[in-house]
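According to TrEMBL, the features are:
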TRANSMEM  12-37  transmembrane segment
TRANSMEM  57-77  transmembrane segment
TRANSMEM  97-114  transmembrane segment
TRANSMEM  120-143  transmembrane segment
TRANSMEM  180-198  transmembrane segment
TRANSMEM  210-227  transmembrane segment
DOMAIN    216-375  domain 'O-antigen ligase-related'
TRANSMEM  233-250  transmembrane segment
TRANSMEM  262-282  transmembrane segment
TRANSMEM  359-384  transmembrane segment
TRANSMEM  396-413  transmembrane segment
Amino acid sequence: MKDIFRKSHLFCLYATFVTIGISVSLSQGFLVLSFLFGLTHFLLSENRNRNWARHPLFLLSVSLFAWYFIVFGAHRFLDSPNSVPIKNAWNGELKDFFLFFGFLSVCFVSKEDLPKTYRALFWLLLVLVITGFIGGFTPVRLARLVSELYKESSTYKFTHPLGSILSVPIYISIGLMNTHLTFGGLMQFFSAFVTFYFLRTLADRKWKSVIYSGTLLLFYIVVFLLNQARSSMIGAGVTLGLAGIHLFFVRKELPKSFLAKGAGAFLALLVLVSSVLAFSPAGKKVIGPLFGKEKHTDSGRTFIWVSTFPLVQDHPWIGVGPGNYNASIDKTRTEQSEAYPELAYFYEVTQRGHAHNDYFHLATIFGLPGALIYLSLAGAVFYFLFRSKQEFSRILFFYGLLGFFVSGLFQCYFQDDEVVILFWLLLGLFVRGESEISKGDTA
């Protein structure tokens, strides 16, 4: 019986990884099943590794959600009878606790089954790259392939055209996702893996592996450029920088001489690609984000932040409460529109829903303590990642967690279900690996 629960847990967990790049509804469905099967098997097992439950990253994560519910309870009491309905609060920010099941589900995996989990993670990367590449040359969103399975639509959602290169039309790449920001958020998690795995095969002179990993890296770069998500590109850049420091100078996985050669080759490739693309208007659009090209949404982000600051100032301890962001931000924008009538139009048309900055958003909803707990989680991830003794091929998957926290300075990725589900899975996988090492050290 236990073996049935184990196999069911693993199947649903692997399906969760792969379907992240296909449909958020599918991945969340498999996530719930994997958690339930995994919890049952974990409780029935006699030899259970509980080290992960004592890891500081797990405790910080639990503390974050504990604060979520403390704030929710405080607002239910203080704002009564005008408190936000429970349904609104759940659909707002509290539902993120449900995605934390990914962390727990991965921690239920046995040591023997961990390699297969990394294999499922690699399959997710392939799904993202393949669908992203196809989507970059397709005018109709690929997500229709999934949505048409369960609902009818009389309209086709088109992707944003970038122009054409050599008479070949190209479009912003979003894979099977609904927005390019979500797709970029998923892609940036793998920037260190595709880059440094290629460098390792090159350093080891494994030429067959060099061809495979080099091809994957090339397609990854093309898809990332077509994606145009600057916040993710910044996160990926920081990921590569920190991963390079760790792998070359701390762990010394790669020779330092190879760093200069690799950097030179990368810069040469960047100059070559940029020079070729610069000859066409579409190419200029593709490489524009690499050189800080401004977009019309930049000013909108400023209006959002300016509207958010008064909310943090007025509610520093418990914020405005989950599910109450839109109503609160509307009041602030109305006040600022009256104070600056010439800006009223921009306050009216600027996007609502979140603060376009994870730290500002958490401070607004859950007060400064909520933002500080999240910031502590980011610092702890950096600390434990740089101390980790996990093997090279595995640790490459975790550097993207660092870029995730940086990308959150410009976009609310911690509020994006499709992205944050992978965040918790990766963080859980990292903690699970650390628990095995600590178990071996104490044995």
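Just so it is clear, glycine is given a Cβ too, placed from its N, Cα and C backbone atoms.
Because TrEMBL annotations are produced automatically, they should be read as predictions rather than curated entries.
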Highest-contact recorded stretch vs the transmembrane segment (97-114), from 12-37, 233-250, 396-413, CB pairs under 8 Å: 12-37
Contact ranking winner - 12-37, 57-77, 210-227, 359-384 against the transmembrane segment (120-143), Cβ under 8 Å: 12-37
The transmembrane segment (396-413) versus listed stretches 12-37, 180-198, 210-227, 359-384: most Cβ pairs under 8 Å: 180-198
Per-residue pLDDT averaged over the domain 'O-antigen ligase-related' (216-375), given as an integer: 83
